[in-house]
Amino acid sequence: EGGMGTVKQSDDFTLTGSLPSARAHRRFCELLPQEHRSVEESLQARVSLEQILSLPELKANPFKERICKVFSTSPSRDSLSFEDFLDLLSVFSDTATPDIKSHYAFRIFDFDDDGTLNREDLSQLVNCLTGESEDTRLSASEMKQLIDNILEESDIDRDGTINLSEFQHVISRSPDFASFTV
Amino acid sequence: MSQSPAFVLNVLETPEDPEGQEPSPYDESEVHDSFHQLIQEQSRWVAEEGLELQQRQPETGALGASGSDHETMLGPEGAPVYSMATLRILASMPSRTIGRSRGAIISQYYSRTVKLRRRAGRPQLRDMGRSARPSLRLYDLELDSAVLEEEEKRGLLVKELQGLTAAQRDHMLRGMPLSLAEKRGLREESRPPRGKHRAQWHRGLLSCCDQLRDSCVLASHNLGLALLSGLQALMPWHYALKRIGGRFGSSVLSYFLFLKTLLAFNTLLLPPLLAFIVGVQAAFPPAPTGPVPAFTGLELLTGGGYFTHSVMYYGYYSNATLNQPCASPLDGSQCTPEAGSLPYSMPLAYLFTLGAAFFITCITLVYSMSRSFGESYRVGSTSGVHAITVFCSWDYKVTQRWATRLQHDNIRTQLKELLAEWQSRQHRRSACGQLRRVAVLGLVWLLCLGTTLGCTLAVYTFSELMIKSPVSAEREAVLLLLPLVVCLLNLGGPYLFRILAALERHDSPVLEVYVAICRNLILKMVTLGILCYHWLGRRVGTLKDQCWENFVGQELYRLMVMDFIFTLLDTLLGELVWRLFSEKQLKRKGKPEFDIAGNVLELIYGQTLTWLGVLFSPLLPAMQIIKLLLLFYIKKASLMANCQAPRRPWKASHMSTVFISLLCFPSFLGAAVFLCYAVWQVKPSSTCGPFRTLDTMYEAGKVWVRRLEKAGPRVSWLPWIHRYLVEDTFPIYLVSALLLAVIYLNIQVVKGQRKVICLLKEQISNEGEDKIFLINKLQRVYERKERSRAGRTEEAVTPPALLTDGWDAQ
């Protein structure tokens with residue numbers, strides 16, 4: 001099966017929904033330099049992080065670096081292949097199951113990659129949400145109170161961190177998690 | 001960082017260190033180990049080294065007494081501080097590696113696939129050990145026998161996948177959080193091997209059928225995807241909605257999606273009416289009863305004049321059977337039916353088409369309401385607002401930089417409000433404050449209800465005035481006064497409510513929105529109720545010899561047109577002029593907010609008018625469709641130019657559910673009640689319309705059923721149904737009782753689920769305490785190892801002291 005056949009096959013078990021793999025492939029090719037845009041090369045090529053971050057959907061997203069790091073499969077985690085790109089679109093599409101979305105959301109929010117969300121992860125998360133500049137952050141006491149409340153509400157086994165199961169339990173109670181789509 | 005450097009190493013500040021000693025669960029080649037095995041290892045080491053009886057070092061403050069097993073060592077910030085080895089164990093704990101380790105994911109989905117094949121539901125609680133954590137049960141870990149290697153697990157998973165059909169397999173693969181290459185590999189391996197059954201012809205035929213079916217399914221799936229993407233590219237509003245969502249977020253988008261839903265409902269309603277009522281009557285026009293007035297421009301506003309004797313209104317429709325092959329024979333000769341002609345009874349068609357259209361609308365509404373409710377309601381969803389806000393409130397659809405900045409502001413405001421609300425709940429208000437709050441609340445509600453009553457009285461007196469002064473044909477413009485008054489009140493009322501609401505101060509902003517919606521809705525529905533009474537109660541009496549149905553149809557037409565004009569005015573004044581005013585005069589940068597609730601209520605009101613008027617003016621849904629199309633473009637243009645996204649936190653999915661429930665309950669139900677009353681109880685006028693000779697409109701159906709009874713035994717089931725199910729009241733009681741029973745059962749199920757959730761939470765927190773206990777024990781074991789090693793390298797001769805803590809006793 002040729003290159004485009006492989007690309008089309010991915011439609012069966014990725015969930016790009018409104019953006020089938022052929023169109024995703026076209027968008028990926030736009031990020032490559034002109035001479036490498038053939039089908040065979042594009043399936044093997046890798047795109048650097050800066051170029052992915054220039055996509056309009058990701059440009060203004062405060063989690064863009066984390067998103068790229070999570071989906072990158074290269075050893076130094078600084079480039080994305082076409083399959084990584086498809087994975088990214090698949091998780092963020094309308095048709096991805098909440099299970100998959102919450103799984104990847106957990107990985108994106110886990111800033112230190114240790115498998116749980118501890119206090120530092122949560123505080124970095126809140127800072128991403130409120131804006132990076134000094135005057136937009138919450139005060140230290142507010143941050144502490146907020147993180148205490150979050151842990152109180154979601155840390156069921158009282159170990160001071162939120163693991164994947166607890167995270168998924170919190171997410172499952174909120175139907176608004178559908179906003180985790182682009 | 002640590003206060004006792006002799007025992008504890010510092011935690012690495014930069015965890016992102018692949019060469020560091022601490023293995024991150026990101027290293028996917030690490031299969032997660034069982035805790036049990038590690039503890040056995042450690043105990044073995046301790047046993048090998050012998051029980052070293054050492055003198056206890058003088059404790060420093062941070063450590064505390066080591067006698068208690070439940071104490072953790074606390075660093076300066078209150079977080080537990082562990083040694084390197086303990087951290088390594090912590091990092092490979094199942095709860096931390098499940099998100100990252102491929103082996104764990106494969107194992108989890110293997111057990112899910114097994115369940116799918118065996119069609120087993122939740123595992124029996126009896127069979128599980130009491131101490132097994134729910135999360136561990138899912139992973140099918142066997143703590144006693146050897147832990148499966150990743151390859152074996154993968155092999156098991158592949159075998160299970162082979163047992164599923166292709167569609168189920170793809171569905172399973174789609175749900176797995178693995179990378180694309182992994183999924184492809186799994187699919188390749190789990191494809192049923194070809195050529196295996198070639199020896200057996202029978203099984204070969206079956207596998208051939210399977211393959212054919214699979215390839216058909218795949219082909220249709222691909223075709224479906226292609227069609228879907230083509231359809232979405234064709235839909236004119238797809239990109240417009242995406243742009244709106246990108247600039248203003250999901251909450252404003254929910255208004256436009258609701259508009260699309262209403263358009264769909266009207267498009268569902270219109271074709272049966274066009275096909276069976278309007279089209280047929282237009283093909284067989286009745287003889288004109290009098291001179292047709294000339295077309296002046298005023299008809300577009302009043303709906304009267306030239307439009308009175310057209311398909312638009314009820315009065316045009318004939319009460320006879322159309323396309324009758326022959327008239328009653330005068331000389332007794334036989335009628336020769338013409339070939340290909342079908343007699344078409346207009347009254348029956350009118351009644352049944354309307355009934356069927358309403359029934360379909362009702363079913364569709366209830367279905368979409370229940371689906372929306374199911375998506376947005378969760379058991380226990382009201383708790384945990386802080387966590388849910390932080391994890392779920394970022395809207396990833398927003399793509400523009402300034403919109404992102406706005407989101408940052410909104411989320412920050414929301415978090416601060418949540419914290420303030422929490423703080424105020426911690427400090428209970430004094431009794432005096434509570435009383436004052438309740439008094440203010442009661443006063444504001446009283447004022448709002450008083451305003452509503454005032455508006456109602458105004459509409460009532462004005463309508464009585466209109467009855468008392470009959471309008472001649474030349475001064476039809478006077479008829480526009482009543483709709484004008486109604487629309488003015490509907491426009492002014494919400495602004496007044498907003499001013500009054502500034503007096504009361506609710507704790508939660510969401511409650512404010514709900515209260516505002518409630519008050520506006522009461523005003524609109526009560527006004528409509530008074531108008532319905534005016535039409536069916538008073539106008540029927542005063543227009544005895546004329547066509548009162550035509551009049552009611554025209555009134556509704558006028559109301560719809562006025563409503564549209566006032567919506568335009570509101571958009572113009574409320575948004576455009578306000579923005580210019582605030583920029584030029586007040587020199588404020590902020591644009592006016594898009595009032596989602598008010599606009600949605602306007603849409604619901606317009607749809608109620610359509611449903612009320614469909615009986616008297618079958619072309620009203622067409623008008624509503626045109627109105628909605630125009631409204632979409634006007635609102636979109638005004639939004640892009642003049643407005644900003646609302647600052648209040650909006651749970652978009654909750655609000656969609658609320659909107660569609662409001663559409664169903666006061667709006668559709670009210671229209672259905674009005675229609676039922678008009679059909680069952682009101683005498684139709686005797687000079688016009690399809691029911692002019694009958695006592696009630698419903699009689700047409702009854703007459704037809706009686707005729708069927710006489711026609712013969714072959715269709716006797718229909719009259720039987722009519723007599724025993726429709727006219728008899730017993731089946732209705734039975735159905736209501738069944739419905740109540742179902743509702744009660746569902747409530748009990750939800751209560752039971754809440755109880756189970758509480759119990760499970762307790763169990764999990766007990767497990768958590770167990771875990772901390774075990775970690776501390778491990779920590780102590782490592783400490784002793786370090787101490788013993790340190791002691792041996794120093795070659796210090798320390799007299800063995802008796803162990804004073806209870807380690808031996810464990």
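Note: Cβ is positioned from N, Cα and C throughout, glycine not excepted.
Automated prediction, rather than curation, is the source of TrEMBL annotations.
Per TrEMBL, compositional bias 'Acidic residues' is recorded for B:14-28. Residues or ranges marked as domain 'TMC' in TrEMBL: B:547-653. Marked as region 'Disordered' by TrEMBL: B:1-30. For B:223-241, B:262-284, B:348-368, B:438-460, B:480-501, B:513-536, B:615-634, B:655-680, B:730-747, the entry in TrEMBL reads transmembrane segment.
Two recorded stretches are said to be in contact when at least 3 C-beta pairs lie under 8 angstroms, sequence spacing 6 or more; the transmembrane segment (B:615-634) and the transmembrane segment (B:262-284) meet this definition. A Cβ distance under 8 Å defines the sequence-distant neighbours of the transmembrane segment (B:655-680), meaning residues of its chain 6+ beyond its ends; these are 251, 254, 257-258, 261-262, 351, 354, 358, 361-362, 365-366, 368-369, 372-373, 375-377, 514, 517, 521, 525, 528-529, 532, 536, 596, 600-601, 604-605, 607-608, 611-612, 614-615, 696-698. Contact check: the transmembrane segment (B:438-460) against the transmembrane segment (B:513-536) gives at least three Cβ pairs closer than 8 Å, residues 6 or more apart, which meets the contact criterion. Mean pLDDT for the domain 'TMC' (B:547-653) in this predicted model: 85. Helix, strand and coil counts from DSSP across the domain 'TMC' (B:547-653) read 80 helix, 2 strand, 25 coil.
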